[in-house]
Amino acid sequence: MGSVDLQSVTKTYGATRALDEVTLTIAEGEFFGLLGPSGCGKTTLLRAIAGFVTPDSGRILMDGQPVERVPVNRRDIGLMFQNYALFPHLNVRENLGFGLSVRHRPKAEIAARVEELLRLVRLEGFGERKPRELSGGQQQRVALARALATNPRVLLLDEPLGALDKNLREEMQIELKQIQRELGITTIFVTHDQEEALTLSDRIAIMRAGRVEQIGAPRAIYERPATVFAANFLGAANLFTGMVEAREGGLTRVRLEDGSLVTTRDEAAPGRQVTLAVRPEKMQVAAPGEGPNRLSGTVSHEVFTGTAVILRMDFQGRAISVFAQNDGGPLPRAGEALTAAFDPANAVILTDPAG
Amino acid sequence: MSRMFGVLARSYLGLVLLFLYVPILVMMIMAFNKSPLYMLPFRFDTVWFGKLAENERLLRATWNSVWIALANMAIATSLGTMVALAFARYDFPGKRFLQGLLMPPLVIPWLITGTAMLIFFFWTGIGRGLHSILLGHVALSLPYVVIVISARMQSFGAVFEEAAASLGATPWQVFRRVSLPLMAPGIVAAALFAFAISFDQFVISYFLAPVGISILPVEIYSSIRQGFTPEINAISTIVILVSMALMIAFARLSSFSGER
């Protein structure tokens, strides 16, 4: 119960393609994140799954059944809005019972379910409050409980934690994940916050301009981004462009534009122009000297973050960052020379050229 | 300097209130004065209320006014609620044009609207009568109702309705259990407006009333021309007190449902 299949879903508004041939399969019980910048189509996609947006073409299947023509109220979904949309004229109890009440369930059943939900989100004793008498975190929990009230087959969350401050957000991330695990409900959520996507999702789809850029487990996408956009949007990336020279001993040798030599475990045909991505934390400050995977330059500035120092250096006309652990060792300062090195396993060849 | 300004501001306020309320107060007091010629000194008496109870003509006119105003309130408010909902929640071709059409009736003088209606109703065979007065009042108050309810609807988005639909509510349940309660304060205000517009309406009612049938404002007007007694003050006093009571009751009601 609760699989969602999207097949070439397309939606245009005037000249803009809000959704461009989106194809995705979300498995039962999966916690699936739609990540992207604003305007990438992620919210449109969520609204299409919910039934507020009718695709121009393509199919949306729930548990194998097409639902494009099924109205919102018969899709059997739970939807949590960014600003919660708790009914201001109803108290918490009435908000939670709304879904069952419109289905004409017996009063006793509704009351029992509401109690259960209040316990689930730890709001026993708040049943008589009006939404405006609750804190942001409490409102968020009521909204979640309300979306779960009818045991929907799919839970849809629109920026679920976006309206909370940072500390509360981290707390709620854990709680949300816990509740989702406990209930085993298929959950699709929209976020522009990469950390939230990484923490919560079983899998993530990175979206850009109405298209899905990359799908995968958080770790897989982070370690092996497919495109420049994916590499930059999920975490930070240092990009290098060059020409593949040869493949030998399990390593691909790439001659960068400035003449320096780097190697990667990724495969590419000799003569091809490639873009490589290396995460800042996968680069180390190395002893000066020549050799493969050693890049030299001058530190343009340094950012102290407490646990680490981010060293910036200009290389090939691009700023690259080296994430140096603050382990007490000496670190180069701004204006000083820096040699950064990385392991060939940590250099990823991207499928598109760097802009 | 600022002290003088304060004194000025206070006197200004005092004058405004004076000109607004003193005539009404005097009118009400005179309803209780014994003299038929409004002569002073004031001698308290309720004779005019007694006379009023016997004045068939005035009572019938009042009754006509009341039920037309109530019917107008019910019809214009229901229609206006639907129009406001459609404007706020749906996009359809010609929407802007239709919204634009709401405005001219507010500025076209009633005298002209009344004449136009008289000619139109005569032509189409609707004729004159209480039914055409009611029709005219509904047409006249509809733009006000739509504008008042639309203003309320702008204060909350479609998100609550979407939330209700996502929870399984049918379109009717969404309207009944979410849109309507949230619109309620606007609807109550609009209903009051519609009542008042109809109850006060003179020009259109005057044109559309057939011979022998009258409504209160028209009746008061003709009484004044024919020479009148403080019975008019008595009926006016009753009208003012009843409408104020209504107003207060409605205001109380709407402040209960008027959250957010």
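For all residues, glycine too, the Cβ spot is worked out from N, Cα and C.
Marked as domain 'ABC transmembrane type-1' by TrEMBL: B:62-250. Positions annotated as transmembrane segment by TrEMBL: B:12-32, B:66-88, B:100-123, B:129-149, B:178-197, B:203-222, B:234-253.
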> Cβ under 8 Å to the transmembrane segment (B:203-222), counting only same-chain residues 6 or more beyond its ends: which ones?
Replying inline: 57-58, 60-62, 64-65, 68, 110-111, 113-115, 117-118, 121, 127-130, 132-133, 136-137, 140, 232, 235-236, 239
>> As a test: from B:12-32, B:66-88, B:100-123, B:178-197, pick the stretch that has the greatest number of Cβ pairs under 8 Å with the transmembrane segment (B:129-149).
In response: B:66-88
> Most CB pairs under 8 Å with the transmembrane segment (B:66-88): which of B:12-32, B:100-123, B:178-197?
Replying inline: B:178-197
> Who are the chain neighbours of the transmembrane segment (B:178-197) in space, where the CB to CB distance is under 8 Å and they lie at least 6 residues beyond its ends?
Replying inline: 69-70, 72-73, 76-77, 80-81, 84-85, 137, 140-141, 144-145, 148-149, 151-153, 156, 160-161, 163-164, 169, 243, 246-247, 250, 253-255, 257-258, 260
>> Below 8 angstroms Cβ to Cβ, which residues of this chain, lying six or more residues outside the transmembrane segment (B:12-32), approach it?
In response: 38, 42, 44-46, 48-49, 230, 233-234, 236-237, 240
